[in-house]
Amino acid sequence: MNTYSRLPVSFVKGEGVWLWDNQGQRYLDALAGIAVCGLGHCHPKLTKALCEQAKRLIHTSNLYGIDNQEQLATRLATLSNMDNVFFCNSGAEANETAIKLARLYGHNNGIDLPTIIVMERSFHGRTMATLTASGNRRVQAGFEPLLTGFVRVPYNNLEAVTQVAVNNKNVVAILVEPYQGEGGVNIPQAHYLQDLRKICDQHGWLLMLDEVQCGIGRSGKWFAFQHSDIIPDVMTLAKGLGSGVAIGACLASGIAAEVFKPGNHASTFGGNPLACAAALTTLDVIAEDNLIEHAMNLGNLIRDRLKKQLADEAGVVQIRGQGLMMGIELSIPCGELVKKALEKKLLINVTSDRVVRLLPALVMQQSEAEQMVDAVCLLIKEFFSD
Ligand SMILES: *Cc1c(COP(=O)(O)O)cnc(C)c1O
């Protein structure tokens, strides 16, 4: 269907941070399939694990035990200090799971119209519940009626959250991205998550973090919440988890881990042996190759170099980010930069109209990062001098 305005290029091969199109041309990939291919393209260990798993067993359904799924759940629970996991196939589904969990939690506590606090400029997916939760009119327009049971507040504004607590007795949870991705790579004030945690504890609300984009090492920790000294009640993952094999996960801890009972939620494909093999290998490689520390250091290096090279460019409003999640906010809309970059054999993204977004693979090497920064800075300079 006509749901995408695609760029005029098709890739047929990849290796690390490089992609080749069907004309044999090579591109530097600063986007990694929108924060999906953390290990770069076709990491040999991932390819091997997928081939081996495909020869052994691909799918059986959740009517039966699945060894890989249990192993993956244990690994994720250990890494996050959370208790249990539901597996699905995408970020939107992971957030649907969280929303259903919060509503059931409310009903279990005698709240008939459970309400979830969500943020302006957030993005949670394209299903009806997740587009309702998203703070972006563009993803909602034309799909009304939206769901009820959401109340929206500005991101990074604790006062607004406290205000809702005064007026609304139906709140059961807060759903928030620790760092907003689609909304323009927005980094909240220090202690934002700690303060949200406190408010949730005071009121018996669930703190639900959407780490679909910022999770799995990208922020310079396994999970973005680990930059704060908290544990969420619910966390959703997808993008980077399976390195391109579709998998999503909704983790829960404490009281939230006991909400779902058999029959409350399900997925046919979710957590199948192949997808879980991809995720297990992704976690293995990230740990073995110290990619989290690397993401942290490389992110700082990239931002420093961007700041240095763009220091006297008046059109640059702000350079921000955390780990390998980076945004360069310009003073004017700059969507056309994506096509201009493509002509220079560089893959970038523009989000929120005027934020150049870079989400390179965690395996990107320093020389490749320098090449990326130099190309991006040249692009921005040319954009403003035209
Ligand atoms: C991409 C994204 C989603 C949606 O994930 P899909 O796999 O496309 O459904 C949800 N939340 C955040 C923060 C995302 O970046």
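Note that Cβ sites are derived from N, Cα and C of the backbone, with glycine treated the same way.
Model, not experiment: these values are computed from the prediction.
Features as listed in TrEMBL:
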- GLY91, ALA92, PHE123, ASP210, GLU211, VAL212, GLN213, THR268: pyridoxal 5'-phosphate binding site (BINDING)
- ARG126, SER267: N(2)-acetyl-L-ornithine binding site (BINDING)
- LYS239: N6-(pyridoxal phosphate)lysine (MOD_RES)
For this session: Name the one residue among ARG126, LYS239, SER267 whose Cα is closest in three-dimensional space to that of ASP210 (pyridoxal 5'-phosphate binding site); these are the recorded positions.
Result: LYS239
Problem set entry | Which same-chain residues, if any, lie at least 6 apart from GLY91 (pyridoxal 5'-phosphate binding site) yet have Cβ under 8 Å of it | HIS124, GLY125, ASP210, VAL212, GLN213, THR236, LEU237, ALA238, LYS239, GLY248
For this session: Write down the Cα-Cα distance for ARG126 (N(2)-acetyl-L-ornithine binding site) and GLU211 (pyridoxal 5'-phosphate binding site), rounded and given in Å.
Result: 16
For this session: Quick one: of the binding-site residues ALA92, GLU211, GLN213, flag those whose CB is under 6 Å from ligand 1, and say none if nothing qualifies.
Result: ALA92, GLN213
Seminar exercise, completed: Span of the recorded pyridoxal 5'-phosphate site, as the biggest CA-CA distance among GLY91, ALA92, PHE123, ASP210, GLU211, VAL212, GLN213, THR268 in Å, is 25
Exercise. Taking the Cβ of GLU211 (pyridoxal 5'-phosphate binding site) as the centre, how many other Cβ atoms fall within a 10 Å radius?
Worked result: 29
For this session: With an 8 Å cut-off on Cβ-Cβ distance and a minimum sequence separation of at least 6, pull the same-chain contacts of SER267 (N(2)-acetyl-L-ornithine binding site), or say none.
Result: ASN62, PHE86, PHE87, CYS88, ASN89, GLU93
Exercise. Which entry in the list of binding-site residues, ALA92, VAL212, has its Cβ near the fewest other Cβ atoms, using 10 Å as the limit?
Worked result: ALA92
Seminar exercise, completed: By a 10 Å Cβ neighbour count, the lowest-scoring of the binding-site residues GLN213, THR268 is THR268
Problem set entry | Those residues of the chain, 6+ apart, with a Cβ under 8 Å from that of ARG126 (N(2)-acetyl-L-ornithine binding site) | ALA92, VAL139
Seminar exercise, completed: Going by C-beta under 8 A and a gap of 6 or more residues, the same-chain neighbours of PHE123 (pyridoxal 5'-phosphate binding site) are SER134, GLY135, ASN136, VAL139, GLU177, GLN180, GLY181, GLU182, GLY183
For this session: Specify the secondary structure state of ARG126 (N(2)-acetyl-L-ornithine binding site) as given by DSSP, simplified to three classes.
Result: coil
Problem set entry | DSSP three-state assignment (helix, strand or coil) for THR268 (pyridoxal 5'-phosphate binding site) | coil
